[in-house]
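> If you scroll down you'll find the structure; I have some questions about it.
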Amino acid sequence: MPAVSLPPKENALFKRILRCYEHKQYRNGLKFCKQILSNPKFAEHGETLAMKGLTLNCLGKKEEAYELVRRGLRNDLKSHVCWHVYGLLQRSDKKYDEAIKCYRNALKWDKDNLQILRDLSLLQIQMRDLEGYRETRYQLLQLRPAQRASWIGYAIAYHLLEDYEMAAKILEEFRKTQQTSPDKVDYEYSELLLYQNQVLREAGLYREALEHLCTYEKQICDKLAVEETKGELLLQLCRLEDAADVYRGLQERNPENWAYYKGLEKALKPANMLERLKIYEEAWTKYPRGLVPRRLPLNFLSGEKFKECLDKFLRMNFSKGCPPVFNTLRSLYKDKEKVAIIEELVVGYETSLKSCRLFNPNDDGKEEPPTTLLWVQYYLAQHYDKIGQPSIALEYINTAIESTPTLIELFLVKAKIYKHAGNIKEAARWMDEAQALDTADRFINSKCAKYMLKANLIKEAEEMCSKFTREGTSAVENLNEMQCMWFQTECAQAYKAMNKFGEALKKCYEIERHFIEITDDQFDFHTYCMRKITLRSYVDLLKLEDVLRQHPFYFKAARIAIEIYLKLHDNPLTDENKEHEADTANMSDKELKKLRNKQRRAQKKAQIEEEKKNAEKEKQQRNQKKKKDDDDEEIGGPKEELIPEKLAKVETPLEEAIKFLTPLKNLVKNKIETHLFAFEIYFRKEKFLLMLQSVKRAFAIDSSHPWLHECMIRLFNTAVCESKDLSDTVRTVLKQEMHRLFGATNPKNFNETFLKRNSDSLPHRLSAAKMVYYLDPSSQKRAIELATTLDESLTNRNLQTCMEVLETLYDGSLGDCKEAAEIYRANCHKLFPYALAFMPPGYEEDMKITVNGDSSAEAEELANEI
């Protein structure tokens, strides 16, 4: 249909529609659209229909918006406005590739339209189409050479394409156009100079970068960045004396910065340990109260010299009452010799302080205050906890609590000791005690909630967090709004442990949405940073966004989701009623009656909770409606609701698992778990080449990893058994690669070789035992013996590994072995007396963890039981 041109009156109305859209006056814009479209001559005016659709989209009416924009486009295919509007609509739905196509079509009909070019450049940088971004920025530079954003955008395009020299030339040409006095301090010009220097450094032009820095030093506001950069450049250029002077100057600014001491070491190049120590001894004299110059030598000293320096460091900290001293020294615990020296010194302090209130009976000087002994005991509790002696650790912390029962840090450490000893419920109880001492401390509140979640006390954790969340909304919803991912990952783990897979997956998807939001949020910064010239931070932001899903929170959420989907594939959820019928078929009348009572109570409790939840939801909806009515313009539509039941009953769990796996394969290649999870998925999908690829990638990271060994045996065995059904090409590739991985052997021999090579490691023995049973179920007895050995000479004979062995005995990986499991549990209970996992079968916790001792719900339930 040919385009209809508007007469002056309607054209003026159309311009007002554009202004209303720009100023977010959407309802006024719709009125003007109506005035044009109500005229029969212009009822099908393409550009007006498109603008009406765009306005409706901003009011959340998405379907109607798409219909109108498409109708407008059909009526005027040669209109750049219609194509531009269609692109904006696609952009609002995060369909960036489609939006780019629309913008390109718009530019066919108006190639020099600045707004379309700017919008296109934003999408190109968002999608990291760097070649396209460079071309678009070049067009913008040609059209608006006087605008600084045109120059800077073009330079950034070359910088991101790693053509540093070209980027530096463009920035220099632009800098010449800036009229600034050498004595005038201009923040934006200062940032431009620092960005230019960064580009020169990344280009490897260190000499030019140093000259540039010295030339414009007076005009740069960030003096600290100037000095730090100068120090790095002087080191790169081997001007070591000058570099040493710079780092000494930086030390005077901040004697507690570790990096300045490392820089000074590089500049002075000490030949031996004593020369290296001399650097720090000079700092002791200059900064007598400095902790860092006393702490850093402990990393490289040993023997008597280490003991002497450690003695001074510990005395200084214990006298001052410095709680984080253990965390400061934690990295030294990798060295057994240093651990022994630490223990000797601190135990000696405790003995001496008790007898004569001095660190050493031979000391001359004033007596230490009673608090010094407290901090020594506090340290010793953490020390013995770290080296795996919880009983001694508890003795020290209990003594400290008896002397000072109001110090929160003591209760925190007691909770940690119980957690490390395997009793998370007792740990949560003590963390709750700590929280009760200071209910206004948000850190303790969060710590307490975290421990409760680890103990699977989700409701109690939510109540704990509600003390610091917004009133009027539930704590969970508010924490989700605030992107509180530590809470959500812990929640997901707790729900998974309770086999509430739907709820766990909901949390994983909420975390996934946070990362999508963070990626989308960078959109606003593409224009803001150009305008404000915060270019160093902008480039850092872009680099961070590229690897965002490397973050531990995403990895944890993805791991939990993948593990759940693998379980759902292996054991799909069945109808609950059928399960209950099967469970109750063999019960006695008394047991059945007890079960029915329990079910009724659970049903009643669930009903009350549901009513409470609905009431909260209604209240929240009323608040949202009120907010919507008050706010003249509501933008965007609601997100799709995450329903746990639907998430748990997904038809293709492996496909869903792959969605979480893909970012890990791209960004977390260095973690072996990524490739082993990939193997587990492809093994179930029977994708042999992808299984082989996953095993090879994992093998390159850690060839002797226990889980990798299991994967290799399963691949080897499956390939041997099922190779006849594969195509010739796949079979040939498999044969070649398998020979490289395994040599001329069979799965059984390969497993035996692995066992001989790692016979002193408990995790490796467990994996080998699993494979013994997997390859030959008649060898169950030998497999159980291999897994359940608790010899003192074994490495990694820790709580976590022993729990994994017990779980293996229970889950059927070694066949039916309940008797062996019970014997192993009893043996482990002697080794780890506090661990809940190894408590006797009749053992029941006599305490319930609730928020600050409120156990009314538990008392009511107990009364019902009686």
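Heads up, the Cβ atoms here are built off N, Cα and C, so glycines get one too.
Okay, so Swiss-Prot annotates it like this:
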- 46-79: repeat 'TPR 1' (REPEAT)
- 80-113: repeat 'TPR 2' (REPEAT)
- 148-184: repeat 'TPR 3' (REPEAT)
- 224-257: repeat 'TPR 4' (REPEAT)
- Lys262: N6-acetyllysine (MOD_RES)
- Ser302: phosphoserine (MOD_RES)
- 374-407: repeat 'TPR 5' (REPEAT)
- 409-441: repeat 'TPR 6' (REPEAT)
- 485-522: repeat 'TPR 7' (REPEAT)
- 500-866: region 'Interaction with HYPK' (REGION)
- Ser537: phosphoserine (MOD_RES)
- Ser588: phosphoserine (MOD_RES)
- 595-604: compositional bias 'Basic residues' (COMPBIAS)
- 672-705: repeat 'TPR 8' (REPEAT)
- Lys735: N6-acetyllysine (MOD_RES)
- Lys756: N6-acetyllysine (MOD_RES)
- Ser855: phosphoserine (MOD_RES)
- Ser856: phosphoserine (MOD_RES)
> Write out the long-range same-chain contacts of Ser302 (phosphoserine), meaning residues 6 or more apart in sequence whose Cβ is under 8 Å from its Cβ.
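Ser302 (phosphoserine) has long-range Cβ partners Glu337, Lys338.
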> On a C-alpha basis, identify the one among Lys262, Ser537, Lys735 that is nearest to Lys756 (N6-acetyllysine); the candidates are the modified residues.
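The smallest Cα gap between Lys756 (N6-acetyllysine) and any of the modified residues is with Lys735.
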> Cα-Cα separation of Lys735 (N6-acetyllysine) and Ser537 (phosphoserine), in Å?
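Roughly 51 Å, rounded to the nearest whole number.
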> List the residues of the same chain that sit at least 6 positions away from Ser537 (phosphoserine) in sequence and have their Cβ under 8 Å from its Cβ, in sequence order, or write 'none'.
Cys529
> With every protein chain in view, what's the tally of Cβ atoms within 10 Å of the Cβ of Lys262 (N6-acetyllysine), excluding that atom itself?
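Result for Lys262 (N6-acetyllysine): 12 other Cβ atoms within 10 Å.
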> Averaged over the region 'Interaction with HYPK' (500-866), what pLDDT does the prediction give?
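Here the mean pLDDT over the region 'Interaction with HYPK' (500-866) amounts to 82.
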> So how many other Cβ atoms are close to Lys756 (N6-acetyllysine), meaning within 10 Å of its Cβ?
9
> Please work out the helix, strand and coil residue numbers for the repeat 'TPR 1' (46-79) from the DSSP assignment.
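Per-class counts: 27 helix, 0 strand, 7 coil.
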